[in-house]
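Asks: Quick paste from Swiss-Prot:
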- 1-39: signal peptide (SIGNAL)
- ASP74: active site (ACT_SITE)
- ASN170: N-linked glycosylation site (CARBOHYD)
- ASN195: N-linked glycosylation site (CARBOHYD)
- ASN311: N-linked glycosylation site (CARBOHYD)
- ASN348: N-linked glycosylation site (CARBOHYD)
- ASN570: N-linked glycosylation site (CARBOHYD)
Amino acid sequence: MGVTIRNRNYDHGSLPFLQSLLAILLVTTTTLHINGVEAFHEIHYNLQSVGAENVKQVHRTGYHFQPKQNWINDPNGPMYYKGVYHLFYQYNPKGAVWGNIVWAHSVSTDLINWTPLEPAIFPSKPFDKYGCRSGSATILPGNKPVILYTGIVEGPPKNVQVQNYAIPANLSDPYLRKWIKPDNNPLVVANNGENATAFRDPTTAWLDKSGHWKMLVGSKRNRRGIAYLYRSKDFIKWTKAKHPIHSQANTGMWECPDFFPVSLKGLNGLDTSVTGESVKHVLKVSLDLTRYEYYTVGTYLTDKDRYIPDNTSVDGWAGLRYDYGNFYASKTFFDPSKNRRILWGWANESDSTAHDVAKGWAGIQLIPRTLWLDPSGKQLMQWPIEELETLRGSKVKFSRKQDLSKGILVEVKGITAAQADVEVTFSFKSLAKREPFDPKWLEYDAEKICSLKGSTVQGGVGPFGLLTLASEKLEEYTPVFFRVFKAQNTHKVLMCSDATRSSLKEGLYRPSFAGFVDVDLATDKKISLRSLIDNSVVESFGAKGKTCISSRVYPTLAVYENAHLYVFNNGSETITVENLDAWSMKKPLRMN
């Protein structure tokens, strides 16, 4: 492997480059960009059925899930059935903007290579005449899959929502090519106490010890986010519980709720129906107000059908997230073949609608992740599925430890830096040079601090990390880095994925995504980082998956063979690269 050392002082005046069964909300409004993800799906009636003459390949991902062309959004109803993984997803078969939505359907035996099938669900009945929105899959006894999804029974402006089900036409077909929507739909309608225009996203159902099936539906009342609970003995006749399983003031519409158990010990996942003293439960909601996903770990009181979050994290906007970047509308499922819980999440584009139409596609599914509970019991851990490693190609590694003093860049050569997987561990000798954490920053979120203290702002312990998708002269780059602050009687570790200098292209949304990492550096003085780099997306996992950040970026110079990868340090404390392994990533043999 070749190594290039550049002595760079990241000062703002020093270099030229430093000067530059999940429902979808149907709202016809001007697009609001909140934290980089559209707050409402932008409705372009004149573009919904405009197909691309030529699908442009620049910025298309090499190993992420996406169809050949057109728009995709929420992952729907993921499941494992008779040796086959299924992923349904919201898809516009006619264009690269939101509209004409159907449940597209792809199958795989390894979660890497995907074969597209005909759409499984599309508007065709009175109970979904105006739309088939997101939902979940449940495996009933006897290995019988059923899909719960939201149907739209009145068009704009009301968009009245009901909950429907669909069943396979042929259970002997492992690909489940054809689905039937029985005429006894809808199963659940909003009553007088519920908001029928904000009533969607049925979860995977679970079976309690009394023999009742239970599911959640997301909603809101004024600004209070709500997860309503429904019970059924036969999966057909559903009764609303007297109270929601959980709600929270000032959180707005709870989209895409997900509710599942996690084991207190070990990495194994659990079937959704598991309860008992050896498990905690996770409630995840996607907040329409912020377009981020939040979760809590807590206790499910089965006798009262109440969920009580632990007091180890905030229950609301300032709470834990699966991902602190471009990640939304997620859905998990239990994979019995490997006893794991797998998370799917959608990343939309940060480019303009005009560019989406011109290139002929929009949206990707991020790499599936395995979820488990951290030994502390306070948060989840996430890691890319092990199957991803089958795509690793040529490998480079540092043959020895590499010390990085302030301003040093070390280039990682010998791989395709535009399409790579890199794992690195950083260490340092002392925390003495930590910068003080300004008390007024407590009023800010992590993104604000990252925008103030970016990779070019010299610090004490950090910033240090990776420069991904970098051009040769560093006119473009996307840094993923850590910065350690001294807080009262402790330290705070900030992790950033900063798209500010990711592209010279005008009109892009270039956020400074960030989150804090709950890790004790006082004793070990080490922290790890893994980044999956794929042309227009960088997925990063800090501290073995404690904090995750995904960014969509669109370099103009750092594309294909012109992309570079570096490790860097811009803090006064010398940082040591303990080890670094990087791989070129191959394309799957089949991607839709």
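Counting starts with 1 at the first residue shown.
Just so it is clear, glycine is given a Cβ too, placed from its N, Cα and C backbone atoms.
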Asks: Of ASN170, ASN195, ASN348, ASN570, which is closest to ASN311 (N-linked glycosylation site) if I measure between C-alpha atoms? They're all glycosylation sites.
Replies: ASN195
Asks: I want to check the contact list for ASN170 (N-linked glycosylation site): same chain, sequence separation of six or more, C-beta distance under 8 angstroms. What comes out?
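Replies: Once residues fewer than 6 apart are set aside, ASN170 (N-linked glycosylation site) is near LEU176, ARG177, LYS178.
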Asks: Taking only the glycosylation sites ASN195, ASN348, ASN570, which one has a CA atom nearest to the CA atom of ASP74 (active site)?
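Replies: Answer for the nearest of the glycosylation sites: ASN348.
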Asks: Taking only the Cα atoms, work out how far ASN348 (N-linked glycosylation site) lies from ASN195 (N-linked glycosylation site), in Å, as a whole number.
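Replies: It is 27 Å, counting Cα to Cα.
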Asks: Translate the DSSP assignment of ASN170 (N-linked glycosylation site) into the three-state scheme.
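Replies: Assignment for ASN170 (N-linked glycosylation site) reads coil.
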Asks: Within 10 Å of the Cβ of ASN348 (N-linked glycosylation site), how many other Cβ atoms can you find? Include all protein chains, please.
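Replies: Total other Cβ atoms inside 10 Å, all chains included: 23.
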Asks: Across all protein chains in the structure, which of the glycosylation sites ASN195, ASN311, ASN570 has the highest Cβ count within 10 Å?
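Replies: For the glycosylation sites ASN195, ASN311, ASN570, the Cβ with the most other Cβ atoms within 10 Å is ASN570.
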Asks: If you measure ASN570 (N-linked glycosylation site) to ASN195 (N-linked glycosylation site) at Cα, how many Å is it?
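Replies: ASN195 (N-linked glycosylation site) has its Cα 52 Å from the Cα of ASN570 (N-linked glycosylation site).
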